[in-house]
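The annotation region 'Repeat 1' is assigned in Swiss-Prot to 6-70 on the grounds of sequence analysis. Feature annotation from Swiss-Prot assigns region 'Repeat 2' to 84-148. Per Swiss-Prot, region 'NBD1' is recorded for 161-342, and the stated evidence type is similarity to another entry. Residues annotated as ATP 1 binding site in Swiss-Prot, with similarity to another entry given as evidence: Gly208, Glu209, Pro210, Gly211, Val212, Gly213, Lys214, Thr215. Residues or ranges marked as region 'Linker' by Swiss-Prot: 343-548. The coiled coil annotation in Swiss-Prot covers 393-527. Residues annotated as region 'NBD2' in Swiss-Prot, with similarity to another entry given as evidence: 558-770. Among the features that Swiss-Prot reports, ATP 2 binding site is placed at Gly608, Pro609, Thr610, Gly611, Val612, Gly613, Lys614, Thr615. Marked as region 'C-terminal' by Swiss-Prot: 771-867.
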Amino acid sequence: MDIEKMTTTMQEALGSAQQIAQVRHHQVIEVPHLWRIFVQPNSFGANFYKDLGIDLDDYTNLIEKEIDKINSVEGSNITYGQNLSPDLFQIFTEADKIAQKMGDEYLSTEIILLALFELKQNPLTSYLVSHGLTKAKAQAAIEKLRGGDKVTSQNAEETYKALEKYGVDLVAQVKSGKQDPVIGRDEEIRDVIRVLSRKTKNNPVLIGEPGVGKTAIVEGLAQRIVRKDVPENLKDKTIFSLDMGALIAGAKYRGEFEERLKAVLNEVKKSDGQIILFIDELHTIVGAGKTEGSMDAGNLLKPMLARGELHLIGATTLDEYRKYMETDKALERRFQKVLVTEPTVEDTISILRGLKERFEIHHGVTIHDNALVAAATLSNRYITDRFLPDKAIDLVDEASATIRVEMNSLPTELDQANRRLMQLEIEEAALKKERDDASKKRLEIIRGEIAELREENNQLKAQWEAEKKEVGNISEKRNELEHARHELEEAQNEGNLEKAAALRYGKIPEIEKELKAIEEKAKSDDLSLVQESVTEEQITEVVGRMTGIPITKLVEGEREKLLHLPETLHQRVVGQDEAVEAVSDAIIRARAGIQDPNRPLGSFLFLGPTGVGKTELAKALAENLFDSEEHMVRIDMSEYMEKHSVSRLVGAPPGYVGYDEGGQLTEAVRRNPYTIILLDEIEKAHPDVFNILLQVLDDGRLTDSKGVLVDFKNTVLIMTSNVGSQYLLDNVGENGEISEETTENVMSQLRAHFKPEFLNRIDDTILFKPLALEDIKNIIVKMTSQLSHRLEEMDVQLELSEEVKVWIAENAYEPAYGARPLKRYLTKVIENPLAKLIIGGKIPPKSKVIVTLVENKIDFDIQTIAE
């Protein structure tokens, strides 16, 4: 017996049998040791016996009992499991003879299984024979398994039933009702049928963007084959989806992958055109299994494709087809392209209506038609980096899953009642230990409350259970209806007209009637604790969660917040009414849903001197909309003064450092599509920057360096500039009004600095007025209030007299510099002296500091606050 002349699987089995013998302290390897390895789950031997009708659990128990009967030998110099027992040796001898007779080069597992029948007195043989498995039956099964092939490699077992092992029968899946219906796509399915019917080049490859339904087209073809809705040449054919991952996985030795693939191709070849092979992600065959000195899958397929021995359908994306398939011209020309375009919103709604029932059965929910329409329209508008129908199906699935999770969770009312009950029970336990009258009185009150709450709790729980049961009944009935419809389809395909008639005119209408009655009852009962409907509202919530864009219906609090947005912004930005109104209107338009869907929410150019609130307004808007001023994309345009730095906005071009990192502007918006973009000091940027912004301002789109389209339609663009600020400073009226002449001077300077095509695309150019003395006083109040808040944390109160505020305003006011000198002056005359007093221990906690003006100087009066 030469172990080198055994297949790899057989060698591994013998090694494992030896380990069992060593662990059990058995001197030799017996027949049950080896057979214990053969019947392990999913092994070759287990599948062989299972296919021949042997009860594996029963047979495994017998093998275990036989192993237990073998005597263990103990001792110091004894070697375990080094030799074969006479019975096992006889099996190998017989197997050698059978292998030679069959012309095999290696001894494989199935020959050993066959040789067992030579041990007629062995309990394992007796069991097989008594259960109807004879040597002749086993031999016939082996011949069928091999299909006339001889064992010429050490991986022979890997190549048996290769298609079953490395592929999925799509036609069988359709027959068993495991596939979702395919709606529409008739034209593409007809194209595939036409290509498959050709004499040469009869291998279609479906090319389209990810998520447009390429795989679904092949599933649709499988469904047509089952319904016999195909030409004669395709009737009774089978489509096998090849799993390239399973084919490559575990191929340890050189040539093993090629052997597996050749075995698959041989099975397809032997079927004489009855099997159509489907490879999803077709580009993976280029280079698959390629190691030094071996061929890749693409080269193995070429000869069969050229001779027309293989019917193959492929599916891949446009990018991957270009990258992998078009580089191998010999492989590419053997395929016929079928382009799969993205369906329209109307087609997507039809697809969703076809899938609706499947989702309802899976999740146990009711999906309203308005939810399907919303899923198609909202995904098309807001989820721009993916394709229909995939993204719309995802929304429906996600919304249904959300409702399903809520249905199984405790309702809010019941949860609150439980928490309150627990709280009272804890209080009751604590009061039981007290002996005073007040505690006893309180205990009585609590016990009364607990009794009431328990009653309420039990009622709510009973109501919840009843509602859940009602929803469960609907779900069960839907499942029953689905099963009956599948039975009807099977009966029609098999030509069993009697059964089909009984189902169509008897069972199905009866179930439909029962289902309608249950649904009507649920509607009239008005389920208040269990929400089982998926409506437009749930879809908008999912879209909002996925994109960060608020498109849900406005709740009352949010309406108030939006309507009072100008007043809220004025609390931070003093003066500048026109700017605040313009920005607020853009946001209100967006949330009302009436803005142009093909442009950004708003684009503004803020002009004015330094320190008047241009950047502050953008920050205030971000804080109001997103509760944090960090939630805005701020780009300081002074960093983009050189021509080469422009590429940082959209990403470095291929071949340059930083190509993989993406652009500062495009990446920020891609991650958070609903945002405020602040382009600060825009006049400092290189003129080429404005060329990039033209598409953003006009169409709300920008393509980054990788060719990915970034959507700017849900952003507010704010650009700030100091162009023409000198005119505003010199010529502003006494009441802060800007004259027409000044406006014209500023605009002419603006036109001289920026190109007309850039200025023409901006929604509004807003001139910020220089701050008047009254505005400065308001800003002082705001700044000192911020300082007061900081001091309150140290338990110190701050109070400024009115004359101090006026004095600071008059001394710090510089029209040319706006509010910024005010901050510096406040630090100098208030914050610095205060800091020294605190460090010196002059201002202890629980103090009040009153700031007054004494002889034109700031004076600090420190008082202790009475307890």
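Every residue gets a Cβ built from N, Cα and C, even glycine.
DSSP states for the region 'C-terminal' (771-867), grouped as helix (H, G, I), strand (E, B) and coil, give 51 helix, 23 strand, 23 coil.
In this structure, the CA atom of Val612 (ATP 2 binding site) is 51 Å away from the CA atom of Val212 (ATP 1 binding site). The secondary structure of Val612 (ATP 2 binding site), as reduced to three states from DSSP, is coil rather than helix or strand. Taking each Cβ in turn and tallying the other Cβ atoms within 10 Å, the top scorer among the binding-site residues Gly213, Gly613 is Gly213. Least packed by the Cβ count within 10 Å, out of the binding-site residues Gly208, Gly211, Gly608, Pro609, Gly611, is Gly211. Summary of the ATP 1 site environment: with the site residues Gly208, Glu209, Pro210, Gly211, Val212, Gly213, Lys214, Thr215 set aside, the chain residues having Cβ atoms within 8 Å of the Cβ mean position are Ala315, Thr317, Val340, Glu342, Phe387, Asp390. DSSP assigns Val212 (ATP 1 binding site) to coil in the three-state reduction, placing it in neither a helix nor a strand. For the region 'Repeat 2' (84-148), the DSSP counts in helix, strand and coil order read 47 helix, 2 strand, 16 coil. Using DSSP to sort the residues of the region 'Repeat 1' (6-70) gives these counts of helix, strand and coil: 46 helix, 3 strand, 16 coil.
Cα-Cα distance from Val212 (ATP 1 binding site) to Thr615 (ATP 2 binding site): 43 Å (rounded to the nearest whole number).
Least crowded of the binding-site residues (Lys214, Lys614), judged by neighbouring Cβ atoms within 10 Å of its own Cβ: Lys214. Separating the Cα atoms of Gly611 (ATP 2 binding site) and Thr215 (ATP 1 binding site) is a whole-number distance of 59 Å. Checked against Pro210 (ATP 1 binding site), the binding-site residues Gly608, Pro609, Gly613, Lys614 differ in C-alpha distance, with Lys614 being the nearest. Within 10 Å of the C-beta atom of Glu209 (ATP 1 binding site) sit 16 other C-beta atoms, taking all shown protein chains into account. Annotation for the binding-site residues Val212, Val612: lowest Cβ count within 10 Å of the residue's own Cβ, Val212. Long-range Cβ proximity for Thr215 (ATP 1 binding site), meaning a same-chain Cβ under 8 A and a gap of 6 or more residues, is found for Asp280, Ala315. All protein chains shown were included, and the count of other CB atoms within 10 Å of the CB of Thr610 (ATP 2 binding site) stands at 16. Take the Cα of Gly213 (ATP 1 binding site) and measure to each of the binding-site residues Gly608, Thr610, Gly613, Thr615: the nearest one is Thr615.
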